[in-house]
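Straight from Swiss-Prot, the features:
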BINDING   CYS238, CYS241, CYS260, CYS263  Zn(2+) binding site
COMPBIAS  1-37  compositional bias 'Low complexity'
REGION    1-44  region 'Disordered'
REGION    238-263  region 'Zinc finger-like'
Amino acid sequence: MAAPQGGYPPQEGYGQPAGYESPSQQAAGLAPAPAQHGGRKKRAYAGEAFELGSGANAGLGGQLPAGGTYGGYPAQPQAAGYQQPVYGADPTQMQAAAQGYAAPAAPAVAQMTQQFGAMGVTDPHLMPPQPVPQAAQAPRPVLNHLYPTDLLTQPFNVAELDYPPPPIVLPQGTSVYPSPTANCPPKYVRSTLNAVPTTHSLLKKSKLPFALVIQPYGALHDSEDQVPVIPDQVISRCRRCRSYINPFVTFLDHGHRWRCNMCNLTNDVPQAFDWDTTLQRPADRALRPDLNHAVVEFVAPQEYMVRPPQPLVYLFLIDVSYASVTNGLLATSARCIKESLERIPNADRRTRLGFIAVDSSLHYFSIPRDGSENSDPRMLVVSDLDEPFLPIPGDLLVTLSECRENIETFLDKLQEMFQNTQNNGCAMGSALRAGYKLIAPVGGKMTVLSSSLPNIGHGALTMREDKKVLGTSKESGLLQTANSFYKSFAVECSKAQVSVDMFLFSSQYQDVASLSNLPRYTGGQTYFYPGWNAARGEDAIKFAREFSEYLSSEIGLEAVLRVRATTGLRMSTFYGNFFNRSSDLCAFPAFPRDQAYVVEVAIDETVTKPVVCMQTAVLHTTCNGERRIRVLTLALPTTQSLADVYASADQQAIATYFSHKAVERALGSGLEPAREALQAKAVELLATYRKELAGGSVSGGGLQFPANLRGLPVLFLALIKNLGLRKSAQIPTDMRSAALCLLSTLPLPLLIQYIYPKMYSLHDMPDNAGLPDEQTGEIVLPPPVNLSSERVVPYGLYLIDDGQTQFLWVGRDAVPQLIVDVFGLPDKSQLRVGKQNLPDLDNDMNQRVRAVIEKSRDHRSKGCGSIVVPHLYVVKEDGEPGLRLWAQTMLVEDRADQGVSLVQWMGNLQEKV
């Protein structure tokens, strides 16, 4: 059997809810028991009086039995000397369980076996591991078992969101060689269904979507995520469907020919296929990377190039109006570019840079080569905004290697040139037009840094936000583009291999809805910094770190992406930031490494094969001027059983698909239709499961759903409550538009965290949390906590992190010693709230809290690239109300603003089902 998961251990009895049964929590994928660290004694900040299961890390069933554990963590011994003051209230009454939504006590094994037996299911923990089926025994292996659960009596446990997707169970001998890397790891490609229906009618009956979530790169730099590179330029492709040879082809005719696993055509094996070009001797075919690895990169020969590989080109369009000078953007960005010149990829020494400054005129800069007689940069001003022209086309884009010193001199002077400006104009649309003229012959990236609404020249926009329409049906109009220039110009850019990235910093309305069209159709991204000001150290540091990471990341250039599949399957719809050049070809002037794409798959003909394959290919030029093709091949079993389809469905991939659908609906029809569609879909899935797989009605009015999809209704509720979609009259349009950009571009792990943030209880962390793991050296995070105020105790300290923003929540009754240890302050009243960085103190608790905050920001460990460094806000429960309410919107299981609580949501779904 091919390896079921890239790097994930095969799971026995996948998806059984953890925290509801006593058996083997370890098998359920929860954290291991803490390692002992030299007998270090842990401070306990929660006193004896509150030790009755009301804390965040208490068991889901409320009170734990004596010596019980939750999530594999032993009960914490209390250290002396941190007695909790008694507040007069009975601590056991502090967190009444929500009515009708209390977790059951762990049932006895016999009782559970009986219950599962009644449903025709054996308890997965009691079953022996499934033997791998032999080819002779059964042509089709047993796919994942369906484990029904009741969403009302067994509430969702946040730890389930960290489970890997259901295993991909392939028949033995599916891959040509038995390689553990033959199938694509979920890090790169995830399917919403890990068992594919053989017919369109079965897919339609399931009501589940069939789509791929594709993230071709796992990091911003090759060194952090290495895949096998095949340098010999021998690329074997199917003559008919143009698929690349991969681990799932079949060799015939003594290995001289191969049968395509997509369309069944027989092809000749190229003559040089078994020759090692480096050592100039015959090679062992069984060792070829393209036959052993699902993810490979081919160095492309000449025929894959329309023109010589383009150099990396960055053209910076910098707002130099009054707003940009006063908030410090001009000075900070100039300094940051200067300090990052060393990090910009330039291995082939062809990288070119250009600069245009923008106010009510366009200011071009001619930068001479290093060592020239006159090393001063020249500024050329063009005030014709309708037909902006290039004053001296030759000297405006300069080679970084040849002009490095003079570029640094220019960046030092740039701030001084405009420091006394009073100009409020911003002709950014005209600057984009001029920039396009400058780099269209070679292609490249236009990086816009702006603090103003473009108010004159091409693409001029007006202040159209109206607080009276926020939260009403008219609000959706504000999310539409106000000027057609931004869409039509973006398409022009795409055709000329020009990509646009927007860095937006206004404290006023900036029309992110219109401006974000440029990145959307050119493979770029919109980075939004509301209320940014360089005078706040935290703001300046965040932007500097992110922009430096942005400039250093290894992007692909002049790229196209295509997905091919087994005969009978067709890629029908594509979601993400690119231009759809033809029915199945997505064009990227620049290919970023911090975005994901969703492709919907249609079943046009009945599939007769036991396995289908889908192959993603990204043809691109590396920053070093090499033409390459990255190929990712995913094989999935097929099934005629609806139970198999449901048992192998991936809740996180499904949530990602519906996130993209919801953004499309919000921009097309409005926010209310988008929210209604999500609720209707949740009801439809629950009703379908009840009717088709749970035997119609369920006694006792439960809400049945498979264990592997238990998080889906919660993720739908969290998506409806996300900043981009939730019903509220308090959300500025720019904030909402920026959130919609994230919902349609974030890689899957970051998207799930953005929809359902992570919350960690820090005052009662397990002993090993915040310290390096003895085996891996990685910092251990505490177990995550459900996003409900019922999990928050008044004496607690919590980290809430959605990947974009972090909140450090300080309870109103936090003990003084906790404040001393973490913040170095004698009294909570002296604790400043808002954006800040934690002080670095010489004590165990401070170091561990800092380590957890930093580890929670680490996107590399989540298997994806990102430049984002979240702000940390300190929030006091009894502090500034606005900040507190903002942090509380993260608790998506609570009732807030105009949204229902999880209990109400489940009740609504149950009524509608």
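Backbone N, Cα and C define each Cβ position, glycine as well.
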With the cut-off set at 10 Å between Cβ atoms, which of these binding-site residues ends up with the most neighbours? Options: CYS238, CYS241, CYS260, CYS263.
CYS260
Give residue numbers and ranges for long-range contacts of the region 'Zinc finger-like' (238-263): same chain, 6 or more residues beyond its ends, CB-CB under 8 A.
2, 174-177, 179, 182-183, 269, 285, 290-294, 298, 564-567, 611, 613, 615, 617, 629, 631, 633, 635
Cβ-based neighbourhood (8 Å from the centroid) of the Zn(2+) site, residues CYS238, CYS241, CYS260, CYS263 excluded
ARG239, ARG240, ARG242, SER243, ASN261, MET262, ASN264, LEU265, ASN267, ARG564
Could you give me the DSSP helix, strand and coil counts for the region 'Zinc finger-like' (238-263)?
3 helix, 7 strand, 16 coil
Across the region 'Zinc finger-like' (238-263), the model's average pLDDT, rounded to a whole number, is 97
